[in-house]
Amino acid sequence: MEAILRDCVQHSLRDFMHRNAIFVCERLCAEFPSETNLQLLAGCYLQSNQAYAAYHILKGTQVAQSRYLFAISCFQMDLLGEAEAALCPANEPGAEVPNGAAGHYLLGLIYRYTDRRKSAIHHFKQALTMDPCMWAAYEELCVLGSAEEAAVVFGEAAVLSIQKQYLHHGLASQSLLTLNEDCSLVSGRNFSSEDVSQRQFKHVQGNNIRDMSGNSHISLGGASGQPVNGSSGSSFFNTPSPVPMQLSGVAPPALCRIGQPNGPNLNTGTDSSPKSNVNSTIQAPRRKFVDEGKLRKISSRLSFDSGNRRSNRLAAEAGTNTNASASVTAGNGTTNSSKYLGSSKLSSVARSLANRKGQPWANENVDEGMRNETFDDSRSTTAAVASGFTPSSDARYPEQEGATLSSTGGIINVSRVATGASEILSLLRTLGEGYRLSCMYRCQDALDVYLKLPYKHYNTGWVLSQVGKAYCELIDYSEADRAFSLARQASPYSLEGMDMYSTVLYHLKEDMKLSYLAQELISTDRLAPQSWVAMGNCYSLQKDHETALKFFQRAVQVNSRFTYAHTLCGHEYVALEDFENGIKSYQTALRIDARHYNAWYGLGMVYHRQEKFEFSEHHFRTAFQINPRSSVIMTYLASALHALKRSEEALVMMEKAIRADKKNPLPMYHKASILMSLEKFDEALAVLEEVKEYSPRESSVYALMGKIYKRRNMHEKAMLHFGYALDLKPSATDVATIKADIEKLHVPDELDDE
C-alpha cells in the first residue's frame with residue numbers, strides 16, 4: 001500500500017497534478033507516518049508554491065534533507081534567519097551543509113541578502129567546486145563582482161570533476177542494477193493474465209548477502225527509501241523476471257552502495273529507523289540488467305492478486321546472452337527516479353528505439369537517470385554490505401574493455417564522457433566570460449565574447465537579452481532595441497531583460513511600442529516584476545509620476561528583491577521632489593545589491609540637488625568605481641567636484657567622460673559650463689558650437705551661449721541666443737530662468753552676482 005501511494009504521488013508530480021499529489025501524500029503520511037513521507041509531502045507543497053505549508057510540516061525536523069527543504073520554505077517566506085539556522089545548526093558548528101552544492105548555493109543567497117558578502121562568495125565558490133555546472137552560483141559571483149575568469153572556473157579541473165561525478169553516479173547506478181539481479185523486490189499495480197503467464201519469479205538465497213544490517217535503508221531518486229527490518233544471512237527476495245534478454249557484457253565497478261528494500265514480504269526482526277551508512281562491495285560482476293524505465297513498465301503491470309510466485313533462479317547454463325535480468329527497487333520495491341525531470345521522456349525514447357529494432361524487451365541498456373541518480377545521506381543513512389559473488393569466466397571489467405558503461409542511448413566510452421564534459425564547459429566558458437564582463441560593465445568586450453557563440457546559442461532569448469543590456473549600458477539604445485526585439489521573437493514567453501527593454505523604449509520615447517510591450521507582459525504574467533516595471537515606465541514617459549510610482553511599488557510587492565524596481569521608485573519620488581522617500585528607496589536597492597550603480601547615482605543626484613556636494617561627490621565616486629565606463633556618471637562626478645571648487649579635477653574627469661562617449665553631448669555641455677565659470681569664454685563657446693552639431697534643438701545650449709555673450713557684454717548676440725532658446729519650447733522651469741536672464745541683460749555682472 002505504501003509503495004502504491006508513493007508511486008501515485010510521484011506520478012502526479014511528474015504530471016504537474018499538484019493538488020492530487022498533496023491529497024494522496026496526506027493519505028500516505030496518515031497511514032505510514034515517517035519523516036521520509038513528510039519530506040515528500042513538503043515537496044508537494046513547495047512545488048505548488050505553498051511554502052508556508054512546507055514550513056509548518058518540516059519545522060523541528062533534524063534529518064539533513066528535511067532541513068534543506070525547510071530552509072527553502074523559509075527563504076521563500078523571507079525568514080532568512082531560520083533558513084540559515086536550518087542549514088547551519090548552532091549546536092553543530094562543524095556540520096556539513098545539507099544537499100551538497102544546492103545547499104551551499106542557498107546558504108550563499110542567505111548571506112548575500114543579509115549583507116555578509118565574504119561568506120556569500122565563499123559558499124557560491126563552494127557550490128561551483130562541487131558542481132561546475134551550477135551556473136546560478138557563477139551568476140551570483142558575477143553580480144557580486146567576485147567571479148574569476150570563466151576559463152579558470154570552467155577549466156580542466158571542472159571537466160575532471162564532471163567526469164568523476166558522471167562516472168561515479170553512472171557506474172554506481174549500473175552496479176546497483178546488476179547486483180539486484182540477485183536481490184530485488186518489485187511490487188506494482190495491475191497486471192493482465194496474459195502478461196503474467198510468461199513471467200518468472202526468482203528466489204535469491206541468503207548466502208548472496210554477507211551482512212545485512214537490521215536498521216539500514218537507502219533512498220533512490222527521491223524520498224522513497226524506507227528503513228529495512230532484515231536479518232543477516234537468511235533474507236530472500238521475490239523478483240519478477242522478464243523474458244530473457246541479450247544485453248551488454250559490461251561488468252560493473254567493484255564498489256557501490258546498495259539499499260535493502262522494505263517490503264511487506266520481509267520478516268522484520270529489528271527497529272526500522274535508519275541510523276548509519278555502510279558501503280557495499282560487489283565482488284561478482286554481472287553483465288545484464290533492466291533499466292529503471294523498463295522496471296516502471298513492469299511494475300505498473302503487476303497485480304497483488306496474482307500473488308508472489310517463486311521459481312528457482314535461472315541456472316548458469318542460460319548462457320551469457322540469455323540470463324534474466326533483475327531490477328533495482330526502492331522503498332517497498334518501487335523504483336522512484338521522478339526526482340529528475342525528464343526521466344520518463346528518456347525512458348520513452350529508449351523504448352521507441354528498441355521497438356524499431358523489433359526487440360521491445362531486448363537491448364535496452366538505458367540506465368534511466370544514471371547521470372542524475374544520487375545517494376543522499378540525509379535520506380539514506382545505511383546500506384548493506386554485499387559479497388560472495390563469483391565472477392564468471394566471460395566477465396569483463398571496464399578496465400579491460402575501455403571502461404564502457406551503460407547510458408541513455410547505449411554504450412558510452414569514458415572518453416566520450418570526457419569529450420561531452422569538455423564541450424559543455426567550453427560553452428559555459430564563453431557564456432560565463434561574456435556575463436562576467438557585462439557585470440564589470442566592460443560591455444563592448446562582452447559583446448565581442450558573445451559573438452563567439454554558435455548561432456543556435458546566440459539566437460536564444462537569454463543571450464540576446466544580455467546583448468541588449470550591453471548596448472543599453474553603452475547608451476546605444478537603437479541597437480539595444482533591435483537586440484531585445486530579437487529576444488522577444490526568439491522567446492516570446494520569456495520575461496528575461498524585459499524591464500531593461502522598457503527602459504530602452506523610455507529613452508527612445510517610443511510611447512506606442514512601450515505601451516504595447518507593457519500590455520503584452522501583463523497578459524503574459526501579472527505576477528512578474530518586469531511586467532509592472534514596463535507599465536511604470538509607460539506612465540513615467542507620459543510624466544504621470546504618481547501612477548508610475550504605483551506600478552513600480554507593485555513590482556516591489558511582487559518581488560521584494562527586485563533591485564531595479566526599488567531604484568525606479570526612487571527616481572519617481574525624486575521627480576515628485578519627495579527626496580526623503582527617494583533616498584529610502586535607493587538605500588533599499590543597495591541593501592539588496594551593493595553594486596547597483598544606478599542607486600548610487602540616484603543618491604548622488606538627490607544630494608546634488610540639495611547642494612550637499614560632499615555627499616554627492618562620495619556617491620558619484622562610488623558609482624564610478626562600480627562602472628568606470630559610464631560617461632554620465634563621470635559627468636556628474638565632475639560637476640560635484642566643480643561645485644566643491646576643485647575645477648581642475650573636474651575638467652580632467654570631464655575629458656574622460658567625453659572620451660568615453662564622444663556621441664554624448666552632456667559632458668561637453670558641462671565642460672563649457674566649467675570653462676565659463678573659469679572665464680575661459682572662447683574655449684567655452686568653441687565647445688558649445690561642437691555641441692550644437694550633436695544636439696541642434698537643445699534649448700539649454702543656446703541659453704548657455706546667451707549667458708556667455710552677456711558676460712562678454714555682447715548683448716545683441718546674447719539676446720539672439722536667448723530667443724533661440726525660447727523658440728525651442730523648453731520646460732517651464734527653463735523658460736522662467738531664460739526670461740530672468742533676459743530681464744537682467746543690461747545689468748552689470750557685479751550687480752547680477754549680488
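Just so you know, the numbers here start at 1 and follow the chain as drawn.
Cβ coordinates are placed from backbone N, Cα and C, and glycine is handled just like the others.
When the ranges 290-314, 315-339, 390-414 are checked against TrEMBL, the one recorded as region 'Disordered' is 315-339. Highlighted: of the candidate stretches 563-596, 597-630, 699-732, 563-596 has the greatest count of Cβ pairs under 8 Å to the repeat 'TPR' (101-134). Taken together, the residues of the repeat 'TPR' (101-134) have an average pLDDT of 94.
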